Each structure stands twice: as C-alpha cells, then as structure tokens.
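As given in Swiss-Prot:
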- 76-105: domain '4Fe-4S ferredoxin-type 1' (DOMAIN)
- C85, C88, C91, C134: [4Fe-4S] cluster 1 binding site (BINDING)
- C95, C124, C127, C130: [4Fe-4S] cluster 2 binding site (BINDING)
- 115-144: domain '4Fe-4S ferredoxin-type 2' (DOMAIN)
Amino acid sequence: MKLHNDYRLLTPRINRDKQSFLARVIITLKTSFSLDLFSGLKTALGAFFSPKVTIHYPLESAPLSPRYRAIHKLQRLLESENERCIGCGLCEKICTSNCIRIITDKGEDGRKKILNYSINFGRCIYCGLCAEVCPELAIVHGDLVENASTQRAFFGFKPQLLEHKSSLLEFGGFGSISVNADERVKTTPLSYCTQDSQNMLSESAPQENTNV
C-alpha cells in the first residue's frame with residue numbers, strides 16, 4: 001500500500017510465539033553464522049595474540065618522550081649557577097591560562113631582581129608556550145606527571161621549582177635547543193656582504209702584486 005510522500009507501510013513483525021520451530025531455527029543459524037560474528041571473532045583473536053598494551057599503574061609507568069610537557073622547572077646557568085630567568089615577563093604575557101605571575105623589583109646593583117615567580121598548576125594546560133617564548137631557556141617542562149597529592153609538603157614554591165645545583169646538566173626536553181641548532185642557523189644578509197667583500201679583496205690582491 002502506497003501512501004503520500006513516498007512512505008510505505010512496513011510488514012508487521014510476526015510474533016515469536018506464532019513462528020514455527022523450523023523458522024526459529026533458521027533465524028538462529030543465520031544470526032550465529034553471519035559475517036558480523038566472524039568479524040568480531042577476528043578482532044578478538046587478533047587482540048588475544050598481540051602484545052599487551054595495558055600497564056599495572058601505579059606499579060608500572062609508561063615511557064615518556066624526552067620532550068614531554070609535564071611540571072615546569074626553572075633552570076640555572078651551568079657556569080655561574082645563577083638563575084637563568086631575567087624577569088622579562090614574556091612567559092607571563094603569552095600564557096593563555098593566565099596562571100604565571102612574576103613580581104620584579106630593582107636590586108641594589110641596579111639590575112632587575114625577581115621577588116616572586118608563581119605558577120598556578122590548577123589552571124595550567126601545559127601548552128608549552130612559556131617554554132617556547134623564553135629567550136634564556138629559564139623555564140622548561142620536566143617529566144613529573146603526577147602532581148596530585150593530599151599533603152601540603154608535596155607542593156612547593158620557587159626554590160623547589162629551581163633545578164638543584166648538583167644536577168646541573170644541559171636540558172634536552174621541551175623548550176630546549178635542538179642538537180643540530182648550529183647547523184640550521186641561517187646567515188644574515190650582512191654576512192653575505194662581508195663574504196663578497198672578502199672575495200673581492202682576495203681577487204684584487206694578486207693583480208696588485210703583478211702590477212708591482
């Protein structure tokens with residue numbers, strides 16, 4: 001029976017009680033040996049013989065990338081062991097979560113002195129913009145991923161964020177300079193002009209000697 005707007009009436013579903021035994025057996029066999037069943041079994045058997053991907057946390061931990069973005073660290077200079085941070089405030093300005101706050105003042109020697117450097121980890125989204133924009137590689141991301149605790153002693157202030165002097169090594173994580181950074185440096189136009197002038201001087205030197 002055809003209705004308006006190309007709608008059709010579906011045939012009424014036969015009640016299971018009214019079906020014959022043979023019809024129910026046929027329906028059961030079709031459902032049991034359909035392609036959907038074998039595709040599901042294929043996926044289950046493939047996962048059964050594949051290497052396990054689950055870990056027993058917290059007894060085990062997944063390996064992290066060297067450039068993983070976790071809890072921040074404040075770096076020191078390798079030579080003088082002084083803080084790398086110069087208080088420029090670029091990390092505070094670029095922070096999209098507005099979780100970094102820097103308070104600076106003028107020291108006795110006339111240089112800028114950092115009075116307070118705080119990061120609200122409750123608002124931080126670990127985007128890494130602060131580490132990218134830092135001109136002195138003063139703030140980087142470490143590998144401490146577990147930052148939830150019920151004890152106040154677990155949390156700290158700026159002295160706890162600073163890298164300890166006994167473990168001063170060149171940082172290679174997120175925000176650091178790449179290994180081949182020197183090879184990827186592009187020369188400036190001024191260096192090209194200097195090279196051209198040196199080449200011209202080297203070419204003119206033999207001509208002057210021959211004239212003499």
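Placement of Cβ uses the backbone N, Cα and C atoms for every residue, glycine included.
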Specify the count of other C-beta atoms within 10 Å of the C-beta of C127 ([4Fe-4S] cluster 2 binding site).
13
Can you name every residue in this chain, apart from C95, C124, C127, C130, with its Cβ inside 8 Å of the center of the Cβ atoms of the recorded [4Fe-4S] cluster 2 site?
C91, I94, T96, S97, C99, I100, I125, Y126, G128, L129
By CA distance, which of the binding-site residues (C95, C124, C127) lies nearest to C134 ([4Fe-4S] cluster 1 binding site)?
C95
What is the separation, in Å, between the Cα atoms of C88 ([4Fe-4S] cluster 1 binding site) and C130 ([4Fe-4S] cluster 2 binding site)?
12
C127 ([4Fe-4S] cluster 2 binding site) falls, by three-state DSSP, under coil
Within the domain '4Fe-4S ferredoxin-type 1' (76-105), count helix residues (DSSP H, G, I), strand residues (E, B) and coil residues, in that order.
5 helix, 8 strand, 17 coil
